[in-house]
Amino acid sequence: MPKRSDIKKVLLIGSGPIQIGQAAEFDFSGSQACKSLREEGVEVVLVNSNPATIMTDPDMADKVYIEPLVPEIVAKIIEKERPDGIIAGIGGQTGLNITSELAEMGVLEKYGVEVLGTKVRSIQEAEDRDLFKKAMERIGEPVPRSIAVTSLEEAEEAMKELGLPLIVRPAYTLGGSGGGVARTHEELMRICEMGLKRSRIHQVLLEESVIGWTEVEYEVMRDSNNTCITICNMENMDPMGIHTGESIVVTPIQTLSDHEIQMLRSAAINIIRALGIEGGCNIQFAVRNGEYRVIEVNPRVSRSSALASKATGYPIARVTAKIAIGLTLDEIRNDVTKETPASFEPTVDYVVIKIPRWPFDKFVKADRTLTTSMKSTGEVMAIGRSYEEALMKAIRSLDIDIDLGYNGKYVPWTDDDVRELLRTPTDERLFAIYQALRRGFSVEEISQLSMIDPYFIERIQNIIRMEDELKNGLTPDRLRRAKKMGFLDSRIAELVGLSREEVTDYRLSLGIIPTYKMVDTCAAEFAASTPYYYSTYDEECELNPSDNKKVLILGSGPIRIGQGIEFDYCTVHAVTALREMGIEAHIINNNPETVSTDYDTSDKLFFEPVTLEDVMNVIEKERYWGVMVQFGGQTAVNLAVPLEKELKRRGLKTVILGTSPDSIDIAEDRERFNKLLNKLGIPQPKAGIAYSPEEAKRVAKEIGYPVLVRPSYVLGGRAMEIVYDESGLELYMREAVRVSHEHPVLIDDFLQNAVEIDVDAVSDGRDVLIGAIMEHIEEAGIHSGDSACMIPPQTLPEDVIATVKDYVRRIALALDVKGIINIQMAYKDGIVYVLEANPRSSRTIPFVSKAVGLPLAKIAAKVMAGNTLREMNLNVEPEIPYVAVKEVLLPFDKLPGADVLLGPEMRSTGEVMGIDYNMGLSFFKAEMSAENNLPLDGIVFISVRDEDKAEIAEVARRFVNAGLKIIATDGTSGYLRGSGVPAERVRKIYHGSPNVLDYIRRGEVKLIINTPTTKQSVKDGFQIRRSAVDYHVPYITTVQAAKAAAEAIEKALRGELTIKALDEYHREVRYRAL
């Protein structure tokens, strides 16, 4: 049936901040849906709280609201915009939950808003564990025996009936949050208590265990005509019992028989029809010896559908959006081939592997075990002609400096350690399989211990055989076969005892070069018009390089802490800029979740690891005019110097555009940067460099404790710490010296209680455009990526702001920056200190762009390609009459055992933005978006160190005046009462009940303010902070943030929150000419 004429305006709900379990895949699907609806002439209103997304760009939708994703706020947007319909299945679990709540509240009915695509009833049947089970039984599809419970007593009863182990699955949660595998009665009670709390409807399903069965997923699509197609089938290398988002996944299925594959395909189609889902949907099965169980259905676009889209080239979100407004599969054109309809099932003639990227390098103390709830932050995808090739490419895409054969880290493992690692799934299991094979374990033994199919273990055995052959010397035949299997020249060089350059030159002299194949949805049966390629060492090459002026942009790889979706945002903007200038733009990247790897984002996409060899291979083929490294985060910046060297070595004319690699090195290399600042006469904190533990002690003593220590060249403050005394320094040196290979340790004076400042600017070598000056709410010493910050600054005097601008201009011009620069400063006792400069895109670029209405990344890309700021009329300075606040989302609730204290190591996974006409309301909105709802009534618990008591008394008085009640520990409550602030005393944890934990567990405490001191109180505080996370109570660990919270609560009690679209705010920006 043709598209509906009554649907003229549609509301799309985004998925909010990047968090574990819900990453960039929803920006990718949301952006695709926006384009798809607007192609059909439908007006799109978008609401999302995450500024770092492409979908919240003003030109992606007709109206963009960056507001908290809570039903009350979305209801106000509906009241204002009056959309005809709402699409729930694009914004992940957040979008589904909000749509369900709006329906329950009667808002949709009141304003006549129809749920388009998958209906609320279908969402409920798929998400409510009990309804889902009944629906499956009704159509005769086998499900594991299970019982849905809503209390711990019911869980005890269910356990008696089903036995242990049990899988606990909460209803309506994200990434398996709150669930797990219970092997004992105690574990069951603990997991059920968390799960019931996390579930929106206070329900969990206890399910008989199918741990060890093969996990298989089908991505299916259905339209209103009841036409169904399967887009892709995927097999998890890891068996059941691990969340599919935590598993290594391969498509097509490798180990099932043709009969089993067809049986599951029929079941998948049967299920999507029975549930009445319209659009894309993901169905998970457990399979063993020819029988199967249906595990769950996601009635929405998901992480797996992003993977399926990228693996096959079939644009699931685009088609889902068109189905939602009434089109059918045979009416929708396949945009990749331009000639086949969307009702043709895609076929693949290659192997695709996805590996998750975990944050354990940042959370050394967190539990690494993988279960049914997610811990990974992102993922990589690789394409090859064989399983081995795809696996090798995927491992190097992870950017963890380790490949299968890397032994350094694993030498100390004993055989018993290896057995334990095979038995317990962790992020290291793949490497444990390699180690076990190297140590002579049989394939059967490894398979029995790990429950992983022998097929996958044999593929790793093949890689080991190839390594052993190479150790016998390099011959043309061996080199050719090793390259076919996915080996890098650098790895081959290690095995044969040559340098990487020698292997590369020998390979090129033999004419062994990669060919590029196209991903075209149809195994080359039809011509594809969207060029999307992967490399392999095969005979025929499908790549036809053009003679146009063209640029290669390096992407940022998998989402991880410290390198998030912000860099993908910048990559996409760079493409737009180049296209506007008539330059062909190509991307190399390997993250299946992002907009940059969408089939129609760039002129050509290379789905490849971002390593020196893989990038050079593409450059050799395409002969670019230039390469851009500024937008791909540290991954790309780290390649700048080696890439320039290799281009010169091979005599290629391609240049690195923008700031020169030498200038990047000056900014990254501490000694060179210090010299530059001294020459410019710009103050910096006292600092020194140490190459040994003894030297470190001497330097720290000269500077005076506390000091900030870190290795040189890092991203996201990895292995950075504030050290208060010599014993702390000794411990750090033991831990950190491992981090820096030939790089020394940097030691800085730690500026206590300074105000931290962040500036994003674009320079063309003559003029400097300052996008914004951000004032941090947390004091210096907390990583800038973890700090809340505000535009414009709220407490800095005018003369300080003038100094900041002056320093930014002088540093940018001295470094001859062409493109973006981010500079971090600290203000203390009347002096502005420069902490660091990064001549690359920063994680605040999207936030600044949304706040002031200037697309900085796009402007920077044009400057790098030769435009000047004056030519673009951008020799200006923006001034805004409102306040924008950026707040971060921390992953602690998904990582049991990690402490929630912030420090110089970056911990956050994503960000949100609050925007209103004063700092209080903007901060209130930002906290609401970050799931830290500030209370307007109830109890506030305060426990602070002595030096904070004077400041906190004033904050506490403001809370009491706002009608909140205060409880505090001994010292703090005494001090508050002495200052005339009423406060009730509660016991410290180790003094028995009633203590603060009892209040938290009873749900009476609505806000916790706890600044830590000594190690004992850090531990005591750890218990308080940890239970705050577990019971979802907002907590604050700095005095500055407590002040901001007080102001926010006062303003929210007095004033109305403004609900306005981004373009309405941007119209109020004034530009001052310079």
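From the backbone N, Cα and C atoms, a Cβ is placed for every residue, glycine too.
Predicted-model confidence for the region 'Carboxyphosphate synthetic domain' (1-399) is 89, expressed as mean pLDDT. Annotated region 'Carboxyphosphate synthetic domain' per Swiss-Prot: 1-399, in sequence order, evidence recorded as sequence analysis.
The ATP 1 binding site feature in Swiss-Prot is assigned to R129, R169, G175, G176, E208, V210, E215, G241, I242, H243, Q284, E296. Counting only residues at least six positions away in the same chain, the Cβ atoms of E215, N236, L370, T371, T372, P425 sit under 8 Å from the Cβ of I242 (ATP 1 binding site).
Marked as Mg(2+) 1 binding site by Swiss-Prot: Q284, E296. Secondary structure at Q284 (ATP 1 binding site), as computed by DSSP, is strand. Residues within less than 8 Å, Cβ to Cβ, of Q284 (ATP 1 binding site) and separated from it by at least 6 positions along the same chain comprise E215, V216, E217, T244, V294, I295, E296, V297.
Feature annotation from Swiss-Prot assigns Mn(2+) 1 binding site to Q284, E296; the stated evidence is sequence analysis.
Here the region 'Oligomerization domain' (400-543) is broken down by DSSP into helix, strand and coil counts: 71 helix, 10 strand, 63 coil. According to Swiss-Prot, the feature region 'Oligomerization domain' maps to 400-543.
Taken from Swiss-Prot, the feature region 'Carbamoyl phosphate synthetic domain' covers 544-933, and the record attributes it to sequence analysis.
The feature domain 'ATP-grasp 2' is assigned by Swiss-Prot to 674-865, with sequence analysis given as support.
The ATP 2 binding site feature in Swiss-Prot is assigned to R710, D749, L751, E756, G781, I782, H783, S784, Q824, E836. Neighbour count (other Cβ atoms within 10 Å of the Cβ, all protein chains): 22 for R710 (ATP 2 binding site).
The Mg(2+) 4 binding site annotation in Swiss-Prot covers E836, N838, and the record cites sequence analysis as its basis. Counting every protein chain shown, the number of other Cβ atoms lying within 10 Å of the Cβ of E836 (Mg(2+) 4 binding site) is 15. The DSSP secondary structure for E836 (Mg(2+) 4 binding site) is strand.
For 932-1074, the entry in Swiss-Prot reads domain 'MGS-like'. Each residue of the domain 'MGS-like' (932-1074) gets a DSSP state, and the totals for helix, strand and coil are 71 helix, 25 strand, 47 coil.
The region 'Allosteric domain' annotation in Swiss-Prot covers 934-1074 and is backed by sequence analysis.
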Tell me, which binding-site residues from R129, E208, N838 are within 10 Å of Q824 (ATP 2 binding site) if we use the C-alpha atoms?
-> N838
R710 (ATP 2 binding site) and N838 (Mg(2+) 4 binding site), compared by Cα position, are separated in whole Å by 16
Which whole-number value in Å describes the distance between the Cα atoms of R129 (ATP 1 binding site) and E836 (Mg(2+) 4 binding site)?
-> 51
Within 10 Å of E836 (Mg(2+) 4 binding site), Cα to Cα, which of the binding-site residues E208, L751, H783 are there?
-> none
Which one is closest to E208 (ATP 1 binding site) in space, judged by CA to CA distance, out of the binding-site residues L751, H783, N838?
-> H783
E215 (ATP 1 binding site), DSSP three-state class -> strand
Least Cβ-crowded entry, counting other Cβ within 10 Å, from the binding-site residues listed as E208, E215 | E208
